[in-house]
Structures are given as structure tokens and as C-alpha cells.
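Asker: So Swiss-Prot says this about it:
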- 1-22: topological domain 'Cytoplasmic' (TOPO_DOM)
- 23-41: transmembrane segment (TRANSMEM)
- 56-75: transmembrane segment (TRANSMEM)
- 78-90: intramembrane segment (INTRAMEM)
- His80: site 'pH-sensor' (SITE)
- 91-96: topological domain 'Cytoplasmic' (TOPO_DOM)
- 97-121: transmembrane segment (TRANSMEM)
- Asn128: N-linked glycosylation site (CARBOHYD)
- Asn133: N-linked glycosylation site (CARBOHYD)
- 159-176: transmembrane segment (TRANSMEM)
- 177-188: topological domain 'Cytoplasmic' (TOPO_DOM)
- 189-205: transmembrane segment (TRANSMEM)
- 209-223: intramembrane segment (INTRAMEM)
- 242-262: transmembrane segment (TRANSMEM)
- 263-301: topological domain 'Cytoplasmic' (TOPO_DOM)
Amino acid sequence: MVFTQAPAEIMGHLRIRSLLARQCLAEFLGVFVLMLLTQGAVAQAVTSGETKGNFFTMFLAGSLAVTIAIYVGGNVSGAHLNPAFSLAMCIVGRLPWVKLPIYILVQLLSAFCASGATYVLYHDALQNYTGGNLTVTGPKETASIFATYPAPYLSLNNGFLDQVLGTGMLIVGLLAILDRRNKGVPAGLEPVVVGMLILALGLSMGANCGIPLNPARDLGPRLFTYVAGWGPEVFSAGNGWWWVPVVAPLVGATVGTATYQLLVALHHPEGPEPAQDLVSAQHKASELETPASAQMLECKL
């Protein structure tokens with residue numbers, strides 16, 4: 001009897017009671033899954049000379065990765081996976097502003113770590129493809145496996161607009177999916193529909209710079225490549241492109257949130273919502289599981 005109870009007791013000691021800590025762990029794992037699968041698809045295509053992957057397979061893998069990542073952490077952290085979406089959730093009141101920098105830090109750290117995992121996984125393939133010469137530009141460049149870079153014709157102004165518009169479309173779509181006063185999505189299928197949204201964006205807006213739309217997805221891997229052997233050119237390439245996929249998605253998230261709220265959400269009839277959205281349900285469940293003292297601490301945070 002003692003032996004059968006031991007695993008349960010151990011699990012009880014390991015269980016984390018803090019809501020914020022659980023959210024951080026779930027967000028870290030979700031971003032890690034997203035990045036490893038997305039970068040793996042790109043690495044497979046690039047290092048094989050596109051004999052084992054292409055433009056379509058990269059975006060398909062990325063959309064499926066988003067779906068899986070949301071299932072991983074959706075009911076714990078909300079599976080934001082993206083500082084731009086976290087910002088949108090703060091704007092609409094679904095995430096406390098005080099948690100925004102914490103979410104962003106976790107997302108950046110996870111993207112950095114996932115890039116390291118991708119590098120280790122494809123280390124031999126990278127060495128074979130490049131001959132040990134890791135470059136940011138040129139016919140054998142491999143930096144784009146990890147971070148995004150603009151097409152040769154793309155100006156910074158057009159690239160900035162690309163990211164504002166693309167992220168705005170992303171946020172409009174996500175808010176519509178989560179809006180129970182609108183058409184809505186059957187419970188549990190939200191991740192699938194979000195994956196379809198990502199695929200549509202990739203296939204329609206991916207040519208200019210690969211639709212980063214996510215500051216953590218771009219900056220975390222870029223920092224990794226800087227320290228892993230690609231050097232400072234990861235920041236100077238594309239006329240100093242690096243800041244565009246960091247700043248523009250945040251602008252796009254603000255624009256997209258304001259657009260959906262002003263044109264759709266604000267005009268719903270007054271009254272209770274038909275059903276709780278994924279994030280609200282998660283918070284309610286967390287409150288029921290969290291002791292009163294922990295809830296007080298959460299409020300202070």
C-alpha cells in the first residue's frame with residue numbers, strides 16, 4: 001500500500017500551486033514545440049537543397065506546429081506563443097498588464113532554447129551542407145532556418161508595412177475565433193482553426209519575409225545564431241532588418257485589436273456571453289484550484 005501511494009505523494013510534492021509559475025511553464029513548452037517543429041521543417045528543406053521540403057511544406061509544418069502548441073498549453077497559459085498576441089490580450093483585458101513582460105521573457109527564452117535544440121538536431125546536416133561555413137547571405141546561407149530575413153527586393157518601409165498588416169490580420173482572426181458573441185468555434189477546435197489561419201497567412205503573405213508576425217519567434221532565434229557562429233551579420237543583414245519583425249508586429253497587434261473591437265466586438269448586443277472563451281475558462285479553473293492565499297498573491301502580482 002505504501003508503494004502504491006508513493007508515486008501519488010511524489011507527484012503531489014512536485015505539483016506547482018502558483019498560477020503564474022504554471023502559466024510560465026506551459027508557455028515555455030508551447031513555444032518550444034512551436035519553434036522546434038517550425039525550424040525543423042525549414043532546416044530539412046534548406047539542408048537538403050529543397051529535395052526534402054519546400055515553401056509549402058514549411059508553412060504547413062508551421063501551421064500544424066501552432067495547432068499542437070496551443071493544445072499543449074491552451075488551458076493553462078492561454079498558449080499565447082507570441083508577444084504580439086499577449087499584447088492584444090492585455091488591450092482587451094484578458095491578461096493583466098503586469099504579466100506582459102513575464103510572458104514575453106518566457107517566450108523569448110523558449111524560442112532561444114528551441115533554436116539550440118534545432119541546431120543540435122541538424123548539426124551534421126548543417127556541417128554537410130555548408131562545409132562548416134555558417135553564413136547569413138549567399139547560396140549556402142543557413143541563418144534563415146532560425147530567424148527571418150527580407151527578400152532582396154524588400155525595403156524596410158514595405159517590410160514594416162508587411163508585418164503590421166500581417167500581424168493585424170492575425171489578431172483580427174484570433175479575436176474572431178475567441179469571440180463567443182460572433183460565429184464562434186466548437187470548444188476544443190480553436191487550435192485547429194488557428195492553424196488554418198496561420199497557413200492562410202503564410203500562403204498569401206509569406207513571400208516578402210516569411211511572415212514572422214512574432215517578435216519572440218524572430219528575436220530569440222536571431223540571438224541564438226549570433227552566439228552560435230553566424231556572428232553580427234544576423235543584425236546587419238537586410239539593411240538592419242532585425243528590428244522590423246520585433247517592433248512592427250506589436251504595432252500590428254495594436255491596430256488589429258482596435259480594428260476588431262471598433263468594427264465588430266463593440267457593437268454586439270448587451271448581455272451575458274453565450275459561453276466562456278478559452279482564456280476566461282482557464283482563469284476560472286485556475287481560481288478554483290488555487291488556495292485563497294495564492295489568489296491574494298496573484299492579485300498582488
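The backbone N, Cα and C atoms fix where each Cβ goes, glycine too.
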Asker: Asn133 (N-linked glycosylation site) to His80 (site 'pH-sensor'): how many Å between their Cα atoms?
Answerer: 36
Asker: Within the topological domain 'Cytoplasmic' (177-188), count helix residues (DSSP H, G, I), strand residues (E, B) and coil residues, in that order.
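Answerer: Breakdown, helix to coil: 2 helix, 0 strand, 10 coil.
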Asker: Mean pLDDT, the topological domain 'Cytoplasmic' (1-22)?
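Answerer: Per the prediction, mean pLDDT sits at 73 for the topological domain 'Cytoplasmic' (1-22).
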Asker: Determine the Cβ neighbour count for His80 (site 'pH-sensor'): the number of other Cβ atoms within 10 Å of its Cβ.
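Answerer: If we count other Cβ atoms within 10 Å of His80 (site 'pH-sensor'), we arrive at 30.
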Asker: Rounded to a whole number, how many Å is the Cα of Asn128 (N-linked glycosylation site) away from the Cα of His80 (site 'pH-sensor')?
Answerer: 36
Asker: Taking the Cβ of Asn133 (N-linked glycosylation site) as the centre, how many other Cβ atoms fall within a 10 Å radius?
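Answerer: By my count, 11.
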Asker: Go through 23-41, 56-75, 159-176, 189-205, 242-262 and flag the stretch with the largest number of C-beta pairs under 8 Å relative to the transmembrane segment (97-121).
Answerer: 23-41
